[in-house]
Amino acid sequence: MMNQSITPPTHPPMSQRFRGYLPVVVDVETGGFNWNHHALLEIACIPIEMDDTGRLYPGEVTSTHVIPAPGTDIDPKSLEVTGIILDHPFRFAKEEKLALEHIFTPVRTTMKKYKCQRAILVGHNAHFDLNFLNAAVTRTAYKRNPFHQFSVFDTVTLAGMAYGQTVLARAVQAAGLDWNAADAHSAVYDAEKTAHLFCTITNIWPLMVAG
């Protein structure tokens, strides 16, 4: 018999919060700006989770360095920005298809946990990350891509609306979060900051509407 003293949650479950989509923050570091020609070099993803009160929080980060796919190019200037050393002995890069499987496996696990139908990419300038992700999926003929092919949540738009800031560093600081410029342009660091920014805005928004 159901305990009548238990108050059911008033917030929608994750499966309904974003119309069946699981938000997953993705950040990529690349060999340039052209996803059809430049190499994918590093990728990090963070599924967004929900606690018992309905508040969103960043889940566990999964990341990997990626071996440049055959036929892709690398602009040396991009390596100056990211600080990636391709032949570093501790880079431990994976071939592109194995890198995708490494990233996508925890995404599918979290989708199943929350009964979501698809993942939706969250990023800062999100279509940049999505285009490189889709290009890698196409190159490798990967068949189990959990992400929506074109829909995204872009924290550039969200931060511009919430704080009047569109640069990630300034948006993060405007949200009251810490930012270390020395750690920027790492896929893991940028993904973590983007995840906290997304959660901060989406958690505050219902309170602003109600108020």
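Just so it is clear, glycine is given a Cβ too, placed from its N, Cα and C backbone atoms.
Since we're looking at a predicted model, the values are computed, not measured.
Annotated domain 'Exonuclease' per Swiss-Prot: 24-198, in sequence order.
Here Swiss-Prot flags D27, E29, H185, D190 as Mg(2+) 2 binding site, drawing on sequence analysis. According to DSSP, H185 (Mg(2+) 2 binding site) is assigned to coil rather than to any helix or strand. Using a 10 Å Cβ-Cβ cutoff, H185 (Mg(2+) 2 binding site) registers 17 neighbours.
Swiss-Prot lists D27 with the feature Mg(2+) 1 binding site, giving sequence analysis as the kind of evidence. DSSP classifies D27 (Mg(2+) 2 binding site) as strand under the three-state reduction.
Residues or ranges marked as site 'Important for substrate binding and specificity' in Swiss-Prot (evidence: sequence analysis): F33 (among others). Mapped onto three states, the DSSP output places F33 (site 'Important for substrate binding and specificity') in coil.
According to Swiss-Prot, the feature site 'Important for substrate binding and specificity' maps to F128 (among others), an assignment based on sequence analysis. Under the DSSP three-state reduction, F128 (site 'Important for substrate binding and specificity') is assigned to helix. On its own chain, F128 (site 'Important for substrate binding and specificity') has V28, F33, W35 as residues at least 6 apart in sequence with a Cβ closer than 8 Å to its own Cβ.
The annotation site 'Important for substrate binding and specificity' is assigned in Swiss-Prot to F150 (among others) on the grounds of sequence analysis. Taking a C-beta cut-off of under 8 angstroms and a sequence separation of 6 or more, F150 (site 'Important for substrate binding and specificity') has the following same-chain neighbours: L130. Under DSSP, F150 (site 'Important for substrate binding and specificity') is assigned to a strand (E or B) in the three-state scheme.
Look at Swiss-Prot and you will find H185 tagged as active site, proton donor/acceptor.
Each of the recorded positions D27, E29, F33, D190 was scored by the other Cβ atoms within 10 Å of its Cβ; the lowest score goes to F33.
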